[in-house]
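Feature annotation from TrEMBL assigns domain 'Mur ligase N-terminal catalytic' to 11-105. What TrEMBL lists as domain 'Mur ligase central' is 113-293. Sequence annotations record features per position, and here TrEMBL assigns ATP binding site to 115, 116, 117, 118, 119, 120, 121. The domain 'Mur ligase C-terminal' annotation in TrEMBL covers 316-445.
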């Protein structure tokens, strides 16, 4: 616990219905703050905030900040946004959402989950375990948890947050428990080099409260180096993984089509079998991180393990969208070549004797430019691949940035891969390629979730017409 929460007065949130803003707005409202906001789209999140007492405009206008003492923005908001510019001109307090989150949760112990891969799922798993242990946590997650939403303001003493390194905003947080799941080459458009990226993760760890601790991955070489550096500062460090020296060691890992199973050992003592209702070694690692956090907080092992067994998953993280005509369709967020590889290897094993077809809309032009060959090799794990042009919110380019070139580089026969210029062509293309027993997975941009649903609809129609 850091201090009393800051008094931000009347708080205005730009884009208050977004996945990163709506949970923060709800926290503010339930904490007794007066909240206004602007949101161009009619979202269910905005309707909920109105029900809780927020005044929300469906236009962006300077007058929206007339009653505000504090204006909160996200990295997606341009500097010349009319409301942001007005707030600065009037001398109002202007905070990035991460700064506002840190300010309003100062009376809680913050569990901040950072890392290149797995932070959304790990954050959600920690929140689910704490709820199962009757800790009533607040939580702030970058994805939707079925039955739990993206965030909530609980009555307990812990807040679990996803700490985003992509824009350095995780350096605005003050964790009681810091978590680093892994450190991989990403967001180099922000950091420039891996050295600078690794330094930022170390700076994040140096922000852990004096009474706090770090949890990190014993199987990741960069995390092992980070652990050694943080220990030298006097902060306790606990590790998880399959490595023999991990504090929470994973052994006997196995997977089925519905989940993963392993034996957890804490400080050399077996705790029992952990069942995670999501297949994949990478997801088992996320669960081990969440379990170790719970155990170091002093929660009962049995209740923590039960919390993982009942974990409902996260939307767009290995999400089964449907099973029609003997074809299973999944959707996964994976947009980095490492996460794509992990996801597709797991999907490949799920397909068994069937074939795996991947539909990918890559996210961010810089990833394709920097790691296109690695992405192509990952997509080559599938038997067939359909690729769309790059999705790059906020990016501008004069010509297509590489969807077609990426397709050409995939190590599959020409007939087994295709570049499509239109998202609307995907369902027909996919349904024309699959047969009973196959697995389809959509990867990448947010639009892929709807594409997966459309594929399921077409498969259902085809099955019904036979």
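Cβ atoms are placed via backbone N, Cα and C, with glycine included.
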Least surrounded, by Cβ count within 10 Å, of the binding-site residues 117, 119 is 117
Of these binding-site residues, 115, 118, which scores lowest on Cβ atoms within 10 Å?
118
Within 10 A of the CB of residue 116 (ATP binding site), the number of other CB atoms across every chain shown is 22
Calculate the per-residue pLDDT averaged over the domain 'Mur ligase central' (113-293) and state the result as an integer.
94
For residue 120 (ATP binding site), the number of neighbouring Cβ atoms whose distance to its own Cβ is within 10 Å equals 24
Residues satisfying Cβ distance under 8 Å from residue 121 (ATP binding site), sequence separation of at least 6:
143, 278, 283, 286, 314, 317
Suppose the ATP site is 115, 116, 117, 118, 119, 120, 121. Which further residues of the same chain have a Cβ inside 8 angstroms of that site's Cβ centroid?
113, 122, 181, 182, 286
